[in-house]
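Annotated features, as they stand in Swiss-Prot:
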COMPBIAS  82-96  compositional bias 'Basic and acidic residues'
DOMAIN    203-263  domain 'KH'
DOMAIN    329-422  domain 'HD'
REGION    77-96  region 'Disordered'
TRANSMEM  3-23  transmembrane segment
Amino acid sequence: MGIGTLLLFTFLGLVAGATAVWLITRTLLKQRTEGILAEARREAEVIKQKKLLEVKEKFLQLKGDLEKQVAQRNSKLQSVESKLKSREQTLNQRQEDITKKGQEMDLMRENLTAQLSVIEKKKTELDELKTREQAHLESLSGLSAAEAKDRLVESLKDEAKGQASAYVNEIIEEAKMTANKEAKRIVIQSIQRVATETAIENSVTVFHIESDEIKGRIIGREGRNIRALEAAAGIEIIVDDTPEAIVLSGFDPVRREIARLALHQLVQDGRIHPARIEEVVSKVRKQVEEEIIETGKRTVIDLGIHGLHPELIRLIGKMKYRSSYGQNLLQHSRETANLCAIMASELGLNPKKAKRAGLLHDIGKVPDDEPELPHALLGMKLCEKFKEKPDICNAVGAHHDEVEMMSLIAPIVQVCDAISGARPGARREIVEAYIKRLNDLEQLAMSYPGVIKTYAIQAGRELRVIVGADKTDDASVETLSNEIAKRIQDEMTYPGQVKITVIRESRSVSYAK
């Protein structure tokens, strides 16, 4: 055998081997494919059965839900049907009742028609009888029916007038007695329900010190400290033998309070000299102004009054440092406000409005300007200026009869003002006249041009007038003091003599840096 034959057999062997491998591989692949397909069919069948079960469960669930809904709707329909049947029965019963009532009404109508015919017949007979009797009476009395009627009316009229007059007089007397009793009851109840302290305002303040050594420091060298404090505060300081006490005298409570607080701060600080005194007095004056505003706010809050203008609140706070015939003005105004509210409630009026008018009724006593205008009219102008209601303004202006009373609140304010001021010990006219005289002294001096401040001290026996250095000169100072003295002699009544001191001070301040 040659090489060719070997190669041929080798090739045929390879072909046969490859064919056998291919057949075996094909058989294996076919078997594997059939296994995979069988497994897939089994899994598909399982999934199919699972899905069928899920669908069946959902179907059964939906079927159950639908059956429940159908049952509920059937129940509702049955309920509605039963209600409709009940309503139908009710309507049928009502229809029967209406039919029955209609039959009864027809029967009553027939009876009324018969009765009306009988009444008409009787009326005709009565008219005929009346005519016959009237003619018979006229023939007997000799008077016609009209004349007899007129005489009867006149007789009845006179009798009615007499009875009415007696009845009216009786009602008037009873009303007077009732009104008098009711008025007394209201006033007594109002006074009983307002309990206030009675305290007479003085024109001096006692400043207590720890030791008499401080007196010398307050007086200063040759009295310069005490003079500086008197000039800055506008009050008289009395240092005598009274142990541990200094008396601050002045008719203006604001000035006395400023001097007291300034002294307190100076003594605590220890530095007492004219420059420090002026600085402290200026600082304390601002503090007192803030305290005045705070007092006004507390007062209106305590009384439950809202919506007041800030300037009115400031004036109310300033009442704390004003007095009327020795009676503290703020206490008097609060008392009057409470009395007005109680009395207005008893009379069926607005208590809040009455309380507001009572608080503001003496607001015209607070400002220092326009002294020639009565305080009631000045108070009314202030209320009008700060947009208070017309009946409030009228009550303030009319409580001393300067203007006509236009509302029911005005007489209440007038009465309550009188009640508050008429209590035993509430007022002291001598002090009021004294304070008015000192105030008139200061206002007289303030009327001159160039005057900055005026202070009446030593119970009105000395008037200190401070003028601006830029508006006057030394030559005019003496002329001014003489003019003021002459006017005081001509226009005012005063005991003893009044010393007029005009102070003109020029200062030049520089700072070294």
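Numbers run from 1 along the shown chain.
For all residues, glycine too, the Cβ spot is worked out from N, Cα and C.
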Legend entry - Three-state composition of the region 'Disordered' (77-96), taking helix and strand from DSSP: 20 helix, 0 strand, 0 coil
Legend entry - DSSP residue counts for the domain 'KH' (203-263), split into helix, strand and coil: 31 helix, 13 strand, 17 coil
Inset, instruction - Helix, strand, coil: count each for the residues of the domain 'HD' (329-422), based on DSSP. - result: 65 helix, 0 strand, 29 coil
